[in-house]
Amino acid sequence: MTHQHPYHLVDQSPWPLTGAISALMMTSGLILWFHTNSNHLLLAGTILLLLTVINWWRDVIREATFQGSHTLPVNTGLRYGMILFITSEVCFFFAFFWAFFHSSLAPTVELGVSWPPTGISPINPFLVPLLNTAVLLSSGVTVTWAHHSILTQNRTEAIQGLFLTVILGIYFTGLQAWEYYDSPFTIADSVYGSSFFVATGFHGLHVLIGTTFLFICFLRLITFHFSNNHHFGFEAAAWYWHFVDVVWLFLYICICWWGS
């Protein structure tokens, strides 16, 4: 029977269930890792999450690109969904900034009535953090270049721009890992270490997710999945990447520069 409406009624799928199970395994595994030094459940949850993501994305790409299920109303719904998702992420990071300023604007006696707390040697904001800022802002330029090239049907420049964006994302992650390795304090060193590593660590996780998202778009672009008027998968990745850029600017200004 043919449905006389433009909406996509998805088939039954196991991926929401396996995704929820993997989230439970990863969070429980993280707690076990912290308390018992056993990471088996965490690794199993991560593997299940990767399998879920790969298969779910495969299904969505098939429905969108090969079955034509993503009509204009469906695309509009996906846009609203992505906007709501990014809004929820804004609230997520707002909580980290709240925790940071709650501790830094009125340091307690336990912290030595100073910020950074007594005994903490902060990271120089004009070395690796400043380079990271330049790298991430440059990646924002290259992803915009790629988007403009898709709109103007310049496929070669779109591929070049997206490839550069992925490389810059990987470079940022490498620099962040190096900064963590050389850090003079740890996540256990007072509320300064906790707020610094949790906020920048979750941002780094979002950079990894965004880089993966853009890499999938890069593979789709070179296999002719995008046109100048139908490329929301790329647009969603670009929105997410710009969000990651803006969050890093606030992290750099507030935590790396002002907080040091």
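The backbone N, Cα and C atoms fix where each Cβ goes, glycine too.
Quantities reported herein were computed from a predicted structural model and do not represent experimental measurements.
So that you can see what the record holds, here are the features copied from Swiss-Prot:
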- 14-34: transmembrane segment (TRANSMEM)
- 41-61: transmembrane segment (TRANSMEM)
- 81-101: transmembrane segment (TRANSMEM)
- 126-146: transmembrane segment (TRANSMEM)
- 158-178: transmembrane segment (TRANSMEM)
- 196-216: transmembrane segment (TRANSMEM)
- 238-258: transmembrane segment (TRANSMEM)
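Of the two recorded stretches, the transmembrane segment (81-101) lies close to the transmembrane segment (238-258), with three or more CB pairs under 8 Å once pairs fewer than 6 apart in sequence are set aside.
Ranked by Cβ pairs under 8 Å to the transmembrane segment (238-258), the stretches 14-34, 41-61, 126-146, 158-178, 196-216 are led by 126-146. Beyond the ends of the transmembrane segment (158-178), by six or more residues, the same chain brings 128, 131-132, 135-136, 138-139, 142-143, 145-147, 149-150, 200, 204, 207-208, 210-211, 214-215, 217-218, 221-222, 226, 234, 241 to within a C-beta distance below 8 angstroms of the stretch.
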